[in-house]
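Report on the structure given below.
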Amino acid sequence: MPPVLILLTLLLPLGAGAEEIIGGHVVKPHSRPYMAFVKSVDIEGNRRYCGGFLVQDDFVLTAAHCRNRTMTVTLGAHNIKAKEETQQIIPVAKAIPHPDYNATAFFSDIMLLKLESKAKRTKAVRPLKLPRPNARVKPGDVCSVAGWGSRSINDTKASARLREAQLVIQEDEECKKRFRHYTETTEICAGDLKKIKTPFKGDSGGPLVCDNKAYGLLAYAKNRTISSGVFTKIVHFLPWISRNMKLL
C-alpha cells in the first residue's frame, strides 16, 4: 500500500486536511450522541472541519489547533451531508484554547467551545462523561475514536456517515520513539502497528473513548505513519476544563 504523502516534515496536525478515519466501520446511526462536527471559516473564507464532543449542554471540547474566525457546531448528526431532523446546528459564542497551547509541538492541544445556546438533549444528543481525576488508561487497553472521514488512505472523498475505529493504548516509551515531542504527562498515543486502523489526517478534536468516558482528544500523527496517533490527555486538564466552564 503506497505511503501517504504529507507536506510537513515530521508532524501533521490532524485537522489540516481532509478528515479521515482509516479503517473502522460505520456506526449505528446516532449511537454516539456526544459527537460534534465542528465547522469553521477563516478570514479568507476557507472552510475547515474538526471533530469534538459535547461535554456539557453548552460546551464542546475539541483540539486547540481547530480554532478559527467563525465556528459552528453540529450535534445529533450521523450523515453529516444530509439534513437530518436530529441535527442541532449551534454557533460558537466563544472559543477558549488552553493558554499553554503550542502550535509547533502541539502541547496542550485542547480547546473549549462555549455555544451560543444550550443543546437540547435527545436520544441523538447527549454529553460524554469525563474520567475521574485519578483515572488512567494503560497499555493494551482497547479504546475507540470516531469521525466523519475517508474509508482508506487512497480515498480522497470524506465519508458522509460517522465511522469508528478501535485503537490499542501504546507504551509511553514506544510513543517517545515515534513522536519527537511526545509528553507522557499530557498525551496518550494509541493505534495498532499490525493493522491500518487509525485516525490520520483529520478528525482533530474527536474523543478517545475508553469505558464510555473521554480520555483523550485527537491531536496529531507522525509523517508517513498510519499506525498510531497522539491524543491530548484529558485527565491532566480537568481542573482547567472545570474552572472555565464555571466562569462562562
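Any Cβ shown, glycine's included, is placed from N, Cα and C.
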Selected from Cys143, Cys189: Swiss-Prot disulphide partner of Cys175: Cys189
Structural state of Cys50 (disulfide bond), classified by DSSP into three states: strand
Distance from Cys189 (disulfide bond) back to Cys66 (disulfide bond), taken between C-alpha atoms, in Å: 19
Recorded positions (Asn68, Asn102, Ser204), the one with most neighbouring Cβ atoms at 10 Å: Ser204
Residue among active-site residues His65, Asp109, Ser204 with Cα closest to the Cα of Cys143 (disulfide bond): Ser204
Cβ-Cβ neighbours of Cys66 (disulfide bond) (radius 10 Å): 27
Candidate recorded positions Asp109, Ser204, Cys210, pick with smallest Cα gap to Cys50 (disulfide bond): Ser204
